[in-house]
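Look at Swiss-Prot and you will find Gly106, Thr107, Phe139, Asp224, Glu225, Ile226, Gln227, Thr282 tagged as pyridoxal 5'-phosphate binding site, backed by sequence analysis. Under the heading N(2)-acetyl-L-ornithine binding site, Swiss-Prot lists Arg142, Thr281, citing sequence analysis as support. Taken from Swiss-Prot, the feature N6-(pyridoxal phosphate)lysine covers Lys253.
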Amino acid sequence: MNTPAINLETEKQLFFHNYARLPLDIASGKGSFLYTASGERYLDMIAGVGVNAIGYGDKRLEQAITEQASKYIHVSNLFMQKPQFDLAAKLLEISRMSKVFFCNSGTEAIEAAIKLARRFAARNGDTDKTQVLSLTNCFHGRTYGALSLTAKPKYVDGFEPLVPETGMIDFNDVEDLERKVSNRTAAVFVEFVQGEGGIHKVSEAFIAKLKELAKEHDFLIVADEIQAGCGRTGAFFSYMPFDIQPDLVCVAKPLGGGLPLGAIIGSEKVAEVFTPGSHGTTFGGNPVACAAGLAMIEAILADGLMQNALEVGSMMRTAFEKMAEKHAQILEIRQYGLMIGVTVHREAKYYVEEALKRGVLVNATSNNVIRLLPPLSISKEEAQLCLDTLDAIFTEEAKA
């Protein structure tokens, strides 16, 4: 077989056109930087869209992967596997919850949570309790159940009809929450910090009312921690600063240390809902991914990366606020740990392209939001490089 050229022309020939790829042939990574095959260096402020929490080339992560891979890479979930036990125990210790189910991705975690919520109601005799709700501007995934809970029309276009008995509550609208939930509601899914939606945090008032209504109507509260979890906001899970304990927590992205891994974590209330055969997966909880996940979590805890997320994130927010005083292009700044959204006056894609030319990788979401999701291990000096780059772009844009 001839080795294909690595460029955008070949990419169009080989793949379905799912991604608007950047013209970079990535060869390696170290710390907060990626390197191309031609030797160019890029500061990665995307981190695999929030996956690479401890950066690239961490020896502890590499050792965990190679040690487990040398023993076995896969066996059926019909067998007990130490990497699964170790990671599940760590997640339950952190969350103070009751049970774990491993899958392969965030969207699979959402699907499992939808199934569990409906089965929980059915097993309690509430066969009409099938409604599953989410919030506007949310993103929960691309498989049909998760897609049905996802707000943006561009993800839904052409895929209707979606799963019935799903719907949206207006984000942070307490009155709409009261209107939408009822005794037919099985679950409400919440991103406590919306990532794809532009880095927006749910309000204390909304969560207080959600708790009250969940008790009144006996529905489950599901925290989607796929992007905001594993320390990114400065707490291990973004729901933790709120006065709430969800019934289910969905986790993925950084959970596998860069390998495919997702999970739902359940409270004692839902601990007995799944029974053998009611839900499952061939590859979920892959032992190599679980070993990597444990190493990743231990690195976050040992290296104080949640505190680093708070400190570097605060430093970046302050810098952006000063930047906004001289650059009218910046309309709003939202920052929760190292989840940062900067609303700008035009399509954010422009700034993505300009930063790329200068060796910095940033992301655009919600049309006019620059989204930054760097490794939690990023230094203040590296963050300053990103800030200086964006400052220069804003300055040059104003002169044009």
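Think of each number as a place in line: the chain as shown, counted from 1.
Placed from the backbone N, Cα and C atoms, the Cβ positions cover glycine too.
For the binding-site residues Asp224, Thr281, Thr282, a Cα-Cα cutoff of 10 angstroms around Lys253 (N6-(pyridoxal phosphate)lysine) retains nothing. A sphere of 10 angstroms centred on the C-beta of Thr107 (pyridoxal 5'-phosphate binding site) encloses 23 other C-beta atoms.
The distance from the Cα of Phe139 (pyridoxal 5'-phosphate binding site) to the Cα of Thr281 (N(2)-acetyl-L-ornithine binding site) comes to 23 Å. The Cβ of Ile226 (pyridoxal 5'-phosphate binding site) lies under 8 Å from the Cβ of Gly106, Ala109, Ile110, His140, Gly141, Cys250, Val251, Ala252, Lys253, Gly262, each of which sits 6+ residues away along the same chain.
Taken residue by residue with DSSP, Asp224 (pyridoxal 5'-phosphate binding site) is part of a strand. Gly106 (pyridoxal 5'-phosphate binding site) counts 28 other C-beta atoms within 10 Å of its own C-beta, drawing on all protein chains shown. Closest to Thr281 (N(2)-acetyl-L-ornithine binding site) by Cα-Cα distance, out of the binding-site residues Thr107, Asp224, Glu225, Gln227, is Thr107.
For the pair Gln227 (pyridoxal 5'-phosphate binding site) and Arg142 (N(2)-acetyl-L-ornithine binding site), the C-alpha distance works out to 15 angstrom. Annotation: Gln227 carries the greatest number of neighbouring Cβ atoms among the binding-site residues Gln227, Thr281, Thr282 [cut-off 10 Å, Cβ to Cβ]. Between the listed binding-site residues, namely Arg142, Asp224, the fewest other CB atoms within 10 angstroms of a CB are found at Arg142.
Take Gly106, Thr107, Phe139, Asp224, Glu225, Ile226, Gln227, Thr282, the residues named in the record as contacts for pyridoxal 5'-phosphate: the widest Cα to Cα gap among them comes to 25 Å. Spatial neighbours are here defined as Cα atoms within 10 angstroms of one another, and by that definition the neighbours of Arg142 (N(2)-acetyl-L-ornithine binding site) among the binding-site residues Thr107, Asp224, Glu225 are Thr107. Cβ neighbour count for the residue listed as 'N6-(pyridoxal phosphate)lysine' (all protein chains, 10 Å cutoff from its Cβ): 26. When other Cβ atoms within 10 Å of the Cβ of Phe139 (pyridoxal 5'-phosphate binding site) are tallied across all protein chains shown, the result is 25. The Cβ of Glu225 (pyridoxal 5'-phosphate binding site) lies under 8 Å from the Cβ of Phe192, Phe237, Ser238, Tyr239, Val249, Cys250, Val251, each on the same chain and at least six residues away in sequence.
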